[in-house]
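S.K.: First the structure, then my questions, so here it is.
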Amino acid sequence: MASNNVAQFAAELKMPAGVLLEQLQAAGVQKASEDDALSEADKARLLDHLRKSHGATDGDKRKITLTRKHTSEIKQSDATGKARTIQVEVRKKRTFVKRDDVSDVAEQGQAQVAEADDDAELKRREEEARREAALLEKQAQELRERQERLEREEAERRAREEAAEAERRRAEEEAAAKRAAAEAAAAQQAAQQAAAAQQAAAPADSAQDEARAAAERAAQREAAKKAEDAAREAAEKARAEQEEIRKRREAAEAEARAIREMMNTPRKAVVKAVEPPKPAEPAKPAEAKGTLHKPAKPEGAQARPAAKKPAAAPAATPAPAGAGDRNKKPGGGKGGWQDDAAKRRGIKTRGDSSGGVDRGWRGGPKGRGRHQDNASSFQAPTEPIVREVHVPETISVADLAHKMAIKASEVIKVMMKMGQMVTINQVLDQETAMIVVEELGHRALAAKLDDPEALLVEGETGSDAEQLPRPPVVTVMGHVDHGKTSLLDYIRRAKVAAGEAGGITQHIGAYHVETPRGVVTFLDTPGHEAFTAMRARGAKATDIVILVVAADDGVMPQTKEAISHAKAGGVPIVVAINKIDKPEANPDRVKQELVAEGVVPEEYGGDSPFVPVSAKTGAGIDDLLENVLLQAEVLELKAPVEAPAKGIVIEAKLDKGKGPVATMLVQSGTLSRGDIVLAGTAYGRVRAMLDENGKPTKEAGPSIPVEIQGLSEVPAAGEEVIVLPDERKAREIALFRQGKFRDVKLAKQQAAKLESMLEQMGEGEVQNLPLIIKADVQGSQEALVQSLLKLSTDEVRVQIVHSAVGGISESDVNLATASKAVIIGFNTRADAQARKLAEANGIDIRYYNIIYDAVDEVKAAMSGMLAPEKREVVTGMVEVRQVFKVPKVGTVAGCMVTDGIVKRSSSVRVLRNNVVIFTGELESLKRFKDDVKEVKQGFECGMSVKNFNDILEGDQFEVFEVTEVARTL
């Protein structure tokens, strides 16, 4: 908005009005109050004065170049799965040219705004980087806490095990000591008993006996001492073995813990589990020299003979530290994970240039012995790593396996166990992929990708335009032939109903009418049952519903459906009881039926106005409009006008000359010619806008229906239309929606293939009627497809091969030839090439303009595909009077026709005592010796039955014929 006085200019400059008045007076512009008008010349004088007062000179044009550099890091995984850090540097260069013309003030303002936008973008990126860094820090903190918790639990478990082991060893030592003491005591007691016995037997032995006894006592003491020493040695040996086992277990646990830490630590920093003691620095070796056949011996090869000797305690040193020392390069700075790959990149000569790590042409005697594995011979058991896998809406099998850090074959095996055969490149839907992730023991999270549609939601919340009153959108709904369009025509003073094929509405008509009390927008919906989706769209976009009910017909099925649509949308209903000019009209009955459906008139204490009208004479039309506008006032309908437009697609079609054309209802904002619009998967610039009368218009405000041209494709009816400032952003969102829809659709189809195959196997033989449907508008095509699919039965099924909007082309005929389909054109025609191709290939093309006719003819075609029904008709009764046995012929019955007529081609049932004993065919029918075609009632004949000779006198033959009767749906 231009600033026309001092106060507005001060507000624009964000400074007090008094200060601005002082500056104006100093510049020679005489302004006394804040309401004085300002001209462009006054502003120019003020600008010159300010420049001079601040020391600005009128020199040549100058320019300033600003260069901004922003450096960041990103982590990218390569094909092997290793993460690499990549430095990203973003450089921005902007040049500002200083001009002296007053007319360039606006351009400078725009440059400042652009710079502010760049600053805001930079701040936003910095904020995102900070958030990402905080998230990474939080994840690292959680990882550290989890690792500390695991180590704490491991230490507690180890302490408990050590305490139990010490207690067990102490108990064993005590038991061994007790056993040794008991053995010594027993030996001593035995010796004493023997000595006592000897003394008792011979109290006066000689000195020789005493010497022998002393020797025996010494031997016993020696034996007791040896037993005690043996027990002590056994206890010490057991204690040493337990200590050795404990040391080995601790070493294995330390090794496993170091491996876990190395695997869980981020790749940019290699964590060393145990820091080995630094050896003394050796003297700098001389420069290694070698020839082509005998390369220089690396440092690792010098210590090879010593490495072959067994170590004193191989498990005492943790594996990662030892492996790191073994694989370390002379200038090493990288961990052992990448050393092998670096060594393999060297030129392979005939000598072992890798120091024995990788076998070259000379690997040792007969390929043995020289190679020594980097990994430790002890493989400690590690607990499985549970990963959080973010699963997008669609993901291939290979990508899913990569996210879980497993081979794709493992995923394929799991899918096979679940009963689904997949390939490595097959796309899975989100639900199936999450089941697979959970099956493999990981946590599955539904991922939210970088959805460009999120920007649309952010843009919606930021709209703060002024809300102004808008016209109401009124939808006319009701049963077919109840007079909706005729009522609307009387209001519009036009004749539309006569122009619709068959006199019924088959499109949504959108019109706006100017009444003395304001503008009203009307939506006329079809009443035929096939147009349920159209009526639902009409109720979605409306503010008030006019429910038209014929006074002579009452509440019908589509009337009930319209009531349910209005109630589902929470839309107030105004009931118009039409055709009151007819003699059989009964408005009271209509009211009672509507009360039963939950629509209570105001006179009964409800909230729905009931207005009796006549679309033929015009009676009650003014009262109807009065009630509609009264409801609109109660609703206080408002919408922003000075804002980007938003609306809904009411109808869409493909015009041969104009391309995709969409009828949309603007719900808020103002739509102008040249705006960039996005409608579902379609986008484009509005090249032309027409009102409902076909006249060009430049803009359309809230609640105004318009027809727009310039979209990239035909949008689906009911899609939301939104105006975007940038065509690039519109294209990005449209392509994102297309890819998302296509991927999800393919994944769902793939998941349903096996189930559909099993269904078809169980159903057996089912007849299919393939159809290709081309219609003039999206709504008609949708309604026709739904109506035809409802005709499917268990025996005959309608198969819609393809349905689209537009004329019938050669590609449609080619598709019909390949699928053996019938082409149905609804208000469309085939071009010359398509007609010629259809005649050459024998393709049937049917044209319709009334939906009744299309449904009826398809129903008749399906009836013709049904298997005919077989019916039996009894034509006569025959009584057996005499039986003859004829050689080489069999049994022949002499019969009398008692009722009806017997034909040679008829079937027969043999009745004995009124019980059927055989059903078959006549083999011969003779009268005297002549073969005859038929025998009438009251005549005798001879008959023989095929494959049946057990005929007795008194039997009866029931003669019948089988006829086929065509079935109907």
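Heads up, the Cβ atoms here are built off N, Cα and C, so glycines get one too.
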S.K.: In Swiss-Prot, which of 503-507, 603-607, 668-672 is tagged region 'G2'?
M.R.: 503-507
S.K.: Looking at 34-37, 578-581, 742-745, which one does Swiss-Prot call region 'G4'?
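M.R.: Within the set 34-37, 578-581, 742-745, Swiss-Prot attaches region 'G4' to 578-581.
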S.K.: Looking only at DSSP and grouping its letters into three states, which state does Gly478 (GTP binding site) belong to?
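M.R.: Assignment for Gly478 (GTP binding site) reads strand.
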S.K.: Considering the binding-site residues Asp481, Lys484, Ile580, which residue's Cβ sits among the greatest number of other Cβ atoms within 10 Å?
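M.R.: Buried the deepest by this measure is Lys484.
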S.K.: Once the chains shown are all counted, how many other Cβ atoms turn up within 10 Å of the Cβ of Gly478 (GTP binding site)?
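M.R.: Other Cβ atoms within 10 Å of Gly478 (GTP binding site): 29.
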S.K.: Please work out the mean pLDDT for the residues of the domain 'tr-type G' (469-638).
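M.R.: The predicted confidence over the domain 'tr-type G' (469-638), as a mean pLDDT, is 78.
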S.K.: For the region 'G4' (578-581), jot down how many residues DSSP puts in helix, in strand and in coil.
M.R.: 0 helix, 1 strand, 3 coil
